[in-house]
Amino acid sequence: MVIDPVTLSQELISFPSITPTDNGAISFLSDILSQYGFTCHILDFGDDTVTVRNLYAYRGTEEGPNLCFAGHTDVVKTGDLTKWKFDPFSGHIEDDILYGRGAVDMKSAICAFIAAVSRINFNEVPGSISFLISGDEEGDHFQYGTPSVLKWLNENNHKIDYCIIGEPTSKSFLGDTIKVGRRGSVHFKIICNGIQGHVAYPHFAENPIDNMVSILYKICNTTFDTGNEYFQPSNCEIVSVDTGNTSRNVIPDTIVAHINIRYNNIHTAESLFDIINNICAQVTPKYQLLHSVSGEPFFNQPNQYSDMLSSAIKKVTGQDAIASTSGGVSDSRFIKNVCPVIEFGLKNETAHKIDEHVPVKEIYQLADIYTEFIKQFFNLSTT
């Protein structure tokens, strides 16, 4: 029986799987895929504070390539419920538009690929199709999601040959953008120290704010690069500055700033650390610099599979897709270490927003695109 991707999307949205809580979403998908002949492994990873539920499901033969669809069932918080037109977990359809948290990012894409798979005659598939579904991509415990599943796959001799991720990559219309790489993301914490004192007697104090302002000014006026053929220029944003000082007549002794740099493959996190460190040292010796990396940049050269996806998009929508590396980080930063990866999904305009929504027509189109891609990948009949 062929699955209706919109009905399935409504059902999946009804699970309030706010990261890292699963609330039954993974088991629901496991039950659906089991009915279609998939061997399903529900995988729980975590620590004393949290457990993240994930799913790996596969069907087919080990003789040929394994085409994997990767996604996540966790969603971000809803925000003020009174501002939503409809219950964000009702999967409500109004005027042929599906509303709900996860409608765009990215439950509908998961359902579209499941619908596509339900149309495939597996007797003709010279390989296997699999699903890698994470229960925490949006939150702080992502290490117990896709990275842990990939480790499990390696330990249990499951090999993925190519992966498509259903992140919402489209911008103005469905099919205008596919992701063939991602920028890196590095976060810096800058601490400047001074001497606390009374604002009326500044000569007895040392205000660390002055040095921090100078440091941030230099950073904001630094051209890290001008980009290249595949990536836009690296950019830096100040995300917070705080002294923790609530007194109006006290010069603080410490100030902390957080900055984030989204960077291309001209840099590494360490080369950017050197740049920021040198700027700080030019201003004052009284500083500390810490950094953490969310993901390094990567780029996949166009290949036969990305050409197949572009062809499938063209056939269904009539549009030519643009290959892009823009946007934030995704689980592709982990999967790219295992196999080539590409990302394609719905329009991202309302992702994470109040009244997140998608036209039902585009869910059907996405299922059609995924179906065509699967057929081309395995050289199946496209009639």
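Any Cβ shown, glycine's included, is placed from N, Cα and C.
Matching His352, His357 to the Zn(2+) 2 binding residues that Swiss-Prot gives (Asp105, Glu138) identifies His352.
Zn(2+) 1 is bound by His72, Asp105 in Swiss-Prot, and the record lists one more residue there from Glu167, Glu206, Glu229, which is Glu167. Spacing of Asp105 (Zn(2+) 1 binding site) relative to His352 (Zn(2+) 2 binding site) is 7 Å (Cα to Cα, whole number). Of all the binding-site residues given, namely His72, His352, the one with the smallest number of surrounding CB atoms inside 10 A is His352. The two recorded residues, Glu137 (active site, proton acceptor) and His72 (Zn(2+) 1 binding site), have Cα atoms 6 Å apart. Annotation for the recorded positions Asp74, Asp105, Glu137, Glu138, Glu167: lowest Cβ count within 10 Å of the residue's own Cβ, Glu138. Annotation note: His72 (Zn(2+) 1 binding site) sits in a strand segment as assigned by DSSP. In this structure, the CA atom of His352 (Zn(2+) 2 binding site) is 14 Å away from the CA atom of His72 (Zn(2+) 1 binding site). Glu138 (Zn(2+) 2 binding site) is 8 Å away from His72 (Zn(2+) 1 binding site) when you measure Cα to Cα.
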